[in-house]
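Student: Below are the structure tokens for one structure; questions will follow.
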Amino acid sequence: METLHFLLQGFDVATRPNNLLVALFGAFVGTIVGLLPGLGPINGVALLLPLAFAFGLPPETALILLAAVYLGCEYGGRISAILLNVPGDAAAVMTTLDGYPLARQGKAGIALSLSAVSSFTGSIIATCGVVLFAPLLAKWAVAFGPAEYFVLMIFAIACLGGMVGDKPVKTLMAALIGLALATVGVDSTTGVYRFTFGSVSLSDGIQFIIVVIGFFSVSEILVMLENTHSGQKAVKASGRLLFNFKEFCATFWTMIRSSLAGFVIGTLPGAGATIASAMTYMTEKRLAGSGGKFGEGDLRGLAAPEAANNASACGSLIPMLTLGVPGSGTTAVMIGALSLYNITPGPLLFEQQPDVVWGLIASLFIGNVILLVMNIPLVGLFSRMLSVPNWVLVPAISVISMVGVYAVHSTTFDLVLMIGLGVFGYILRKLDFPLSAVILGFVLGELMEDNLRRALSISAGELGILWQSPISLCLWALAALMLALPGLRWWRARNKARLAHA
Amino acid sequence: MYVRLFSAVWLLLCAGLAIIAWGFQAPFAYDPVGPRAYPLLLLALMSAGSLWLLFKPGVLQQQLHLPSAKRAVLCVLTLLAYVLTFEALGFVLSTALATFAMGLLFTGRLLPCAISGVLMGVLLYGLFDLVLDVPLPLGLFEAFVES
Amino acid sequence: MKTAFTRIALTTACLAFAGQLLAGEPKRPECIAPAKPGGGFDLTCKLAQNGLKDGGLLKAPMRVTYMPGGVGAVAYNAVVAQRADDPGTIIAFSSGSLLNLAQGKFGRYDESAVRWLAAVGTDYGAITVRADSPYQTLNDLVEALKKDPSSIVFGAGATIGGQDWMQTALIARAAGIDPKNLRYVAFEGGGETLTAMLGGHVQVTSSGLGEVTPQLEAKKVRILAVLADDRLPGKLADIPTAKEQGYPISWPVIRGFYVGPEVSDEQYGWWKQQFDSLLASEDFAKLREQRDLLPLSMTGDELNAFVLKQVEEYKTLAGEFGLVQ
């Protein structure tokens, strides 16, 4: 009851006209920043926070602004992924898989509007989750030790089995290349530098953002170059801008499932939106079986990662609010921002400053509604991006990608590295290696090795630690189920056939 | 054919990297795995994959189309030149030049490309540096600001 | 070494009349935080940014740039090689950077390659356990370690040779145990370590004090010892030091700034003076406290001497612990 009371109070604060205006502004800026590759919530927050100070906004208004920017970025990341095949942020990598084919088929409007609704569903379900289960989930997040993380990665890899498709060796190779790229840099257990070739610039390894922008943005530029000359016309957005009821129904359960899964994964510090979106995408692909056109513009393949990555973004607020531990790079920045207002997120936040917490949660709800309302009419505008001629569009993409990398690293070395990776990605693409597998290998690689070795450091080398806790046992079982699913489906189909026969 | 070539190169690369990886030794480690085992495992798996592809490359429709390869190389060179002049010339100038060159590569006409190049250099600088607070190098323009 | 001495001599000479002969404020002042946004270096830069602005010591807005990599190694190399004479750029550093510098992880440059400008605050190392842990004092922990070094799992946000590891190793040495026989888990940063301890995956964390104080208020953790020479001021006064428990281990984590090696003496002097006035002001003290940093003020030669001494000490330590072959 108390919860409800606080929440209502939060809504009361968040719906004041000036706060609504601030939320609208934040949502807009967030969307724009989010759609620029490389720039994300970190830049959005960094940009607006000084403004909030300059205008002397009270803490709750500043928080609303933060929440709106954060959400806006999560919405924005999908736009360039769908329209240009260039993910606006790392979590949108999976969105490109089916979003871009949809756009090529002239269904950009449908893809944009449906993904907006998926994002909305994901965020709303996750926010409800935060309201209802925050304290409970804090316990769940804490229960995840290195051993559990390792098994979670095994589970994730088992899910990825769905990606293998018709070229298993190439997919495997691609994933291995990703895993190998992740080993560059300091070994976080022993401090040994691996594959740095004596360069300090590589001492922290290759940053994720460089890999994503290199592999997607730069290699996409090269592909576009080819298409420009081979006379392939750029597609124009045509037909409906909005999805219809049938399409909504077809993706409804996908959204719900992916939102829940994304939320749960998002609450784990460090696991993050990329893994959540990948896992849900693969799971949906498995569930759809041969009935899906995943990879060629299946709406479910669009809805799943979008719902999951938004849900996970909201979920990652739980460790931040309840434990004071950043669940992601963005929440780290938010913690910094909160501390400027003398608010220290941590175990006491819910007790000591309920108005702040509930104000934030209420503004998440409101921010979402604003974003949905704002995004639907903008679909037409965004999809017109496709009719910008290539000789303007492509240079713009390359410049923005450069700035995206430069913003986080400020060294030309990383820019050169990005181009190198882009060329490498282009070659891989030409040779038919799936790039998304490389990216996922890269994300999973570091977490997997580190956590395995951490677990073994804890147990002094005993392997038993990997299946000691109930959580890891469950995850092993789920992983086994994932691997067995195609077999099960085949068995069921055979049975059905036999029944039909008899 | 190309897959075979790639696999062969990759195989060699794996071998070279394995030699480097063999040298990863910590003064001491608390975990039984150590810094060396995992990279070596990956390299071994990748070599196996490369070997497989070397013998069974599968079908690939891609054909090397010489003119478009040439253009791709040009495009990469443009991007590299852009990156390397990024700090020296400053964002505005290097961006204007690079977008101009890229525009031409993408079949733009001379004048519109020049205009869009200049506009992009100036406008994007304004957008990122002044509005979005991403510090960008001024390069040659520094002199004007200093005085 | 010789260059360092000449430099010291030069700076001293200049400082005498620095007040009058100051170069003006640099155009486009910039603070490089050699890490990703949101971390400790970001905080250090923001502290200077806000402090200098609020105190009217810097008129142009100072911007924060991020250059992550190797606890400052990337920024160090970039500044020495490319921006050696840029008067507008100050770069944040911490004891962690000095430690890596001492272990030769900063590439080809050593500690005399830049001009150390000012240290603006400090944190201290802390040894923390969960509130329900059987260890009440540092002594309990050391005794348990003596009995069986493998009975306790230490967690920390640093690799072998990092700051948090050093603290652990010092404790182990105090217990008469080879640090190699400990059980130690390296996490990615203090947050993860803390989560792992709250979840019972590790029993003891070694970290900076600032990282655990929020949990202390919530009574989730107990700080066995802060690695400072004396008790800390204010609400932290209840935390016992390692020294008073009979283990003379001190681990300050200082935070400060340096500038490029070829920044002119006038410009260097100007920055030094700004920082001197900043560090003397009441408002800044408040700002610093807000960011969980404790007072420490050192600028110019004093800092330079301190840094050189510190790096030497770190080198010795690294040698003793067998980190440098």
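Counting starts with 1 at the first residue shown.
Each residue, glycine too, has its Cβ placed from N, Cα and C.
TrEMBL annotations: computationally assigned, not manually curated.
Here TrEMBL flags A:20-39, A:46-71, A:109-134, A:140-160, A:172-193, A:205-225, A:260-282, A:325-344, A:356-382, A:388-408, A:415-445, A:465-488 as transmembrane segment. Residues or ranges marked as domain 'DUF112' in TrEMBL: A:20-440.
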Student: Mind checking which residues of the chain, 6+ beyond the ends of the transmembrane segment (A:46-71), have their Cβ under 8 Å from one of its Cβ atoms?
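Tutor: Contacts of the transmembrane segment (A:46-71) (Cβ under 8 Å, skipping residues fewer than 6 from its ends): 13-14, 18-19, 22-27, 29-30, 33, 123, 310, 313, 330, 333-334, 337-338, 340-341, 343, 355-356, 359-360, 363-364, 366-368, 370-371.
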Student: Would you confirm whether the transmembrane segment (A:205-225) and the transmembrane segment (A:415-445) meet the contact rule of 3 or more C-beta pairs below 8 angstroms, pairs 6 or more apart in sequence?
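Tutor: They do touch: at least three Cβ pairs between the two stretches lie under 8 Å.
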Student: State the non-local partners of the transmembrane segment (A:465-488) in its own chain: residues 6+ outside its ends, Cβ under 8 Å from one of its Cβ atoms.
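Tutor: The answer is 143-145, 147-148, 150-152, 154-155, 157-159, 161-162, 283, 286, 452, 455-456, 458-459.
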Student: Under 8 angstroms for C-beta pairs, at least 3 of them, ignoring pairs fewer than 6 apart in sequence. Is the transmembrane segment (A:20-39) in contact with the transmembrane segment (A:388-408) by that rule?
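Tutor: Result for the transmembrane segment (A:20-39) with the transmembrane segment (A:388-408) is yes.
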Student: State the residues, same chain only, that lie 6 or more residues beyond the ends of the transmembrane segment (A:140-160) and have a CB under 8 A from a CB inside it; answer 'none' if no residue qualifies.
Tutor: 175, 264, 267-271, 275, 278-279, 282-283, 286, 318-319, 322-323, 327, 437, 440, 444, 447-448, 450-452, 454-455, 458-459, 465-469, 471-472, 475-476, 478-480, 482-483
Student: Return the average pLDDT for the domain 'DUF112' (A:20-440) as a whole number.
Tutor: 84
Student: Which one, A:109-134, A:172-193, A:260-282, A:388-408, has the most C-beta pairs under 8 Å toward the transmembrane segment (A:356-382)?
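Tutor: Ranked by Cβ pairs under 8 Å, first place goes to A:109-134.
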Student: When you check the transmembrane segment (A:415-445) against the transmembrane segment (A:109-134), do you get at least 3 Cβ pairs under 8 Å, counting only pairs 6 or more apart in sequence?
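Tutor: No; fewer than 3 Cβ pairs under 8 Å.
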Student: Which sequence-distant residues neighbour the transmembrane segment (A:172-193)? Criterion: at least 6 residues beyond either end, Cβ under 8 Å.
Tutor: 160, 164, 202-206, 211, 428, 433-435, 437-446, 448-450, 453-454, 457
